[in-house]
């Protein structure tokens, strides 16, 4: 009998722990998102916009690949490889439909520190200059790309390790002000690194703490060595790029295909340099020989991994944070969801696999992602199509870029960073919404400028956590509860029909980046629970019971509810008397709740609001001033609802 029980228990245990076919399929779809969206790809609707976007993206990938490779202190051809392989890997494993992965200015700048430290410029004279190595490049160039590939490999390993540890759920501590300040500071560093090319100067590599200021000190000390030809060509290139891009932005609704000014400028500058022999006549530095084809894969040198661990951590964190911000932005814009942990895996594998093909560290770039928005891309097919055109450049067009002046390439980098640099304008909104966030932005930017992007990011996160820890003990409670007593208090004064369509929620906790998402989830869960449990079916019709629930839930019941009860008006009153403080993320989530409910025909009224909260919400959300939404008390809000009900009834009778 005991043996039979053991056998039965063993069979039950093995059945519970044996993976079913459906579980394996579900796991594959979760870890390979391409299996989820590719079978449902609509060729008729999506292929044309994805193709157009892919062609435009390829232009950006090629130009930025060449430029960011130089920024990473390696030969430009390796930037072309970095524009190809990471995009393919991310299209398979990534969840962002509009995220363009490839070379990235910030990760290139970080990896350049390792390249210049381990293989400095003065080693060029000590290594053989023969072209017998891979791709026909010198041993010096190959040593440099080996270091950059090692940074990419180790950075990818760190990202995959963070995926295994499920650290994606901890990324909420990296707030929007910290990301904005870090990327703006890093973009300022990138512009500074291009000054020597813009001015045509010969300058030693300068890095380390306060290196930003040492570069400008060197420029002013050697101002006489500036090449006027390079300066004029740089200014002309920047003016042309800015003007044409602004015109493209102004007329993008009228013209379906914008002018690829980066590509036109590269062709024109290369042709002019070739015809006038600027390299020898004026001493302009050019890109030089671009090898054809893709070399056989080779593992990065493992013996130098310990020497690049600092840069690898910087690449892993900075690249992931910047990419995740873009992925979350696109998901919010186009109404889909992403998994923060899956993004760790996607970017980690992009860096690991690409490092075997002589690629520099990769991440998503703001300019390329914005380009996908503007050209109407639908899916990652646009990125895969761009890879086809990058391959054409690698195998056919690459050698024609020999005569491209470096000052023109630097101009393309500087103008391409415009989206990051104009984030200085965020200072105004942070000042108006929350001055502490303004202080975090400024201090994070200063630390990034004085040290590096990874140091600035770390400082911003630590500073944010310290401030929240210091503020949270002052909060009275961290719970959200239904304010039933207020319902009973006003029930004798107002008719029951009014109260059936009103839900009163009391928020008795601070609303900051730590709990903004949970606030939204708890709010919706509470509304669903209260509508499901607390309203008796025999007292209220089924339509009345579910109207507010259907309006606020994310299910597919909205149309049905609106059809069955077209004249019902629902109200949600948020009692904000428990607000002790808030930040930019909290105000953003509160405005999002207001907008979501408004889109579902639910009026949101806020009671007991402080003057600072009213000012912040009005400034952030551009709220409709014609309808009052802020009230001194919950009773005042309910009285407002009751008067509106009476007015609507009077208007209905008058129409009859």
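Glycine is treated like the rest: Cβ placed from N, Cα and C.
From a predicted model like this one, the values you see are computed outputs, not experimental measurements.
Of the candidate ranges 119-139, 203-223, 476-496, Swiss-Prot annotates residues 203-223 with the feature transmembrane segment. The transmembrane segment annotation in Swiss-Prot falls on one of the ranges 24-44, 45-65, 255-275, 276-296, namely 255-275.
Going by Swiss-Prot, the topological domain containing residue 195 carries the same name as the one containing residue 252, and both residues are therefore on the same side of the membrane. Annotated range for transmembrane segment in Swiss-Prot, selecting from 384-404, 426-446: 384-404. Ranking 145-165, 203-223, 228-248, 255-275, 449-469 by CB pairs under 8 A with the transmembrane segment (344-364) puts 145-165 at the top. On the 0 to 100 pLDDT scale, the topological domain 'Cytoplasmic' (365-383) averages 88 in this prediction.
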